[in-house]
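Asker: Below are the features I grabbed from Swiss-Prot:
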type	residues	note
BINDING	80, 179	substrate binding site
BINDING	98, 109, 237	divalent metal cation 1 binding site
BINDING	109, 172, 206, 237	divalent metal cation 2 binding site
């Protein structure tokens, strides 16, 4: 039987702290995302901010051999893009920056999309749908519901928008370990999940949405995942705490207003 860790108040407070650090990095990096900058430069800015300003550790660096401190996934890259000096942002790109931090023995993890210059209409719509699919799932969370319901909510919304959901990657429990049980599926194709949400659970929700086919492939570097048909992909991610009222978003960023996005639930 899978052991899901329920956090006590001391653990929750530590996760609130590290969650805020993650949110602060995503707020900080926005001004640097301009045409002409390399993803290597973005990585170095985040690494230095986490290490020297926040006095924390970039959790991605060295994790199962990952060589950088953040993931940078541009356009048709679904996830786990490796920052490098030859990857130069250009006008119209969409980029996901994924930040995970370890502080005082606890982890937090979040990602968001950024526009480089002026985005295409497809890029704008895809990012909006990816963000809203995450928010709809977060709005659904409360103690006593089956975890499977989150995937169903995401799937129903994304399908109506004529986009597709990546099935190979999922959210995860998080706390003293970077990845803990349970797995958080962003679809409802596997209907055997019996996990019931409880107050004190902490996990990530991180749907990856493609503008074309849901099929993906891993490149030769062993990390970078791309859409098979070269269509655009977008992802938003938060670390959350299940509480008696629903959930607390531990990685909420400045000015982020979920209610505004959820006004139109179609």
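Keep in mind that glycine also has a Cβ here, set from the backbone N, Cα and C atoms.
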Asker: Taking the Cα atoms as reference points, how far is residue 98 (divalent metal cation 1 binding site) from residue 206 (divalent metal cation 2 binding site) in Å?
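Answerer: Given the Cα positions, residue 98 (divalent metal cation 1 binding site) is 10 Å from residue 206 (divalent metal cation 2 binding site).
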Asker: Just jot down the residues in the same chain as residue 80 (substrate binding site), at least 6 apart in sequence, with C-beta under 8 A of its C-beta; none if empty.
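Answerer: Sequence-distant Cβ neighbours: 66, 71, 73, 98, 223, 224, 225.
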Asker: Among the binding-site residues listed here, 172, 179, which has the most company in the form of other Cβ atoms within 10 Å of its Cβ?
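Answerer: When each Cβ's neighbours within 10 Å are tallied, 172 tops the list.
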Asker: Return the residues near residue 109 (divalent metal cation 1 binding site) by Cβ distance under 8 Å, restricted to its own chain and a separation of at least 6 in sequence.
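Answerer: Non-local contacts for residue 109 (divalent metal cation 1 binding site): 22, 59, 98, 99, 100, 101, 174, 178, 204, 206, 237, 239, 251.
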Asker: Counting across all protein chains present, how many other Cβ atoms fall within 10 Å of the Cβ of residue 237 (divalent metal cation 1 binding site)?
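Answerer: Around residue 237 (divalent metal cation 1 binding site), other Cβ atoms within 10 Å: 23.
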Asker: Out of 98, 206, which has the highest number of nearby Cβ atoms, where nearby means within 10 Å of its Cβ, if these are the binding-site residues?
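Answerer: Counting every other Cβ within 10 Å of each candidate, the maximum falls on 206.
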Asker: Take the C-alpha atoms of residue 179 (substrate binding site) and residue 172 (divalent metal cation 2 binding site) and report the distance between them in angstrom, rounded.
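Answerer: It is 6 Å, counting Cα to Cα.
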Asker: Other residues with Cβ within 8 Å of the Cβ centroid of 98, 109, 237 at the divalent metal cation 1 site?
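Answerer: Checked against the 8 Å cutoff, the neighbours are 22, 71, 99, 100, 110, 111, 204, 206, 239.
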Asker: Excluding 109, 172, 206, 237, please set out which residues of the same chain place their CB within 8 Å of the center of the CB atoms of the divalent metal cation 2 site, keeping sequence order.
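Answerer: So the additional residues around the site are 98, 110, 111, 171, 174, 184, 203, 204, 205, 238, 239.
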Asker: Three-state secondary structure of residue 179 (substrate binding site) from DSSP?
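Answerer: Assignment for residue 179 (substrate binding site) reads coil.
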Asker: DSSP on residue 80 (substrate binding site), three-state: which is it?
Answerer: coil
Asker: For residue 98 (divalent metal cation 1 binding site), name the DSSP secondary structure in the helix/strand/coil scheme.
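Answerer: It is in a strand.
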